[in-house]
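A short worksheet on the structure shown next.
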Amino acid sequence: MLRVVSWNINGIRSPLQGLACQEPSSCPTALRRVLDELDADIVCLQETKVTRDVLTEPLAIVEGYNSYFSFSRSRSGYSGVATFCKDSATPVAAEEGLSGVFATLNGDIGCYGNMDEFTQEELRVLDSEGRALLTQHKIRTLEGKEKTLTLINVYCPHADPGKPERLTFKMRFYRLLQMRAEALLAAGSHVIILGDLNTAHRPIDHCDASSLECFEEDPGRKWMDGLLSNPGDEAGPHIGLFMDSYRYLHPKQQRAFTCWSVVSGARHLNYGSRLDYVLGDRALVIDTFQASFLLPEVMGSDHCPVGAVLNVSCVPAKQCPALCTRFLPEFAGTQLKILRFLVPLEQEPVREQQVLQPSHQIQAQRQPRKACMHSTRLRKSQGGPKRKQKNLMSYFQPSSSLSQTSGVELPTLPLVGPLTTPKTAEEVATATVLEEKNKVPESKDEKGERTAFWKSMLSGPSPMPLCGGHREPCVMRTVKKTGPNFGRQFYMCARPRGPPSDPSSRCNFFLWSRPS
């Protein structure tokens, strides 16, 4: 059996926070414990949010696994995918990206198809965010036949409604993904596409599809309609070459969600959407998929893992592909040249006369150190007269030699003001009485404002209003969407978001904290 698991981890360090490790990124066994709990031969992670310069050895080298990373080249702490294969499932080839732009011609997979509709610059941009990683494996069927299986670990872009250019980017990425997958399939390899596709395909895959305008007309859903097919569909030019393994085995399963809003606490009531998939070519899904599952009990991210079990065995390669993380120079154990660590530094100009020193001291400092050492040895060898112990009072006497030999003028302190004699007690009392008489009496309004201010400061914040549906204290939120209300605060029900028919879910109470 071959078990594969995919998980949008929302930062590869996130699930490690709950482990007993003071510094998760330096804990040598933390990530292995996470991988072992997933109990899979191949684990595909999305949204790792690490770049190569911050990748540490405990995250890259895990005992019993060989790992492969794709990093974002455009932004730091953004996107990124990684694939961890058990040594018993070592791939025969691995490649970063979908287009071949970052291919190294050493252990790559190939089979790109006709990409003439893309420019080289567009392909580079599509692959520069570290959203796709391919591993190719040898598998053996129950009949003993060896075949090729290519896994495409993918993290598809999210289309921000406020940024229409991101929708274009997302659809072009979808197009590139489909072309590469179909080219691999045409070359004779079985193909699995697994990861976060960032689209809920059908109304059954969304908690509130009825409230979304033109749900089925969404460009991402229409793309999935063309990519996928149903079990009963007959093969043809307009039939998708891939199948959704979960819907193939669980066609009517309700509330099978994989992603929830953290802000609204929707996971408590399972009010989310299914964005994570394990897709396979039709023949592979129908012939070998024994199970397709979700793991909503696994915490640590706003997504839960998804996976599948195939009725095949993996034939491990004798050697890891060149893309394997253990072959990176920083982890390979090879000695690096010192020139890689040397960076020319700009020296600041020496500031002259930062500290005033007597001229005889400056001349003494400018003498070569070698001459000083020579004169010291000479005095010791000649055995000259020893210095007598000085009297303590000599340190408090003015030195005449210093003023004679030094040409430095010492600054003089200017007088602050004329010297005055201290006032008597009667004069102080008289001045105090005059000062009190000259004071302007404080008005009642000013006194009242000051009293109210200190009362509000000492009494603490006002109590939260009660929501209308449950009569429970509300929570305060801040508007973060750009617009006329940006930055304003409001009160809303503190319960998690859920189905409107569920009485334990959030009610529709809303109140601005301050009137506009």
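Cβ coordinates come from backbone N, Cα and C, glycine included.
The zinc finger annotation in Swiss-Prot falls on one of the ranges 117-166, 467-516, namely 467-516. Binding of Mg(2+) 1 is annotated in Swiss-Prot for N8, E47; the matching candidate from D287, D302 at the same site is D302.
Annotated Mg(2+) 2 site D196, N198, H303; additional same-chain residues within 8 Å of its Cβ mean position, judged by their own Cβ, are N8, Q46, E47, Y155, C156, G195, L197, T258, C259, L275, D276.
There are 23 other Cβ atoms within 10 Å of the Cβ belonging to H303 (Mg(2+) 2 binding site).
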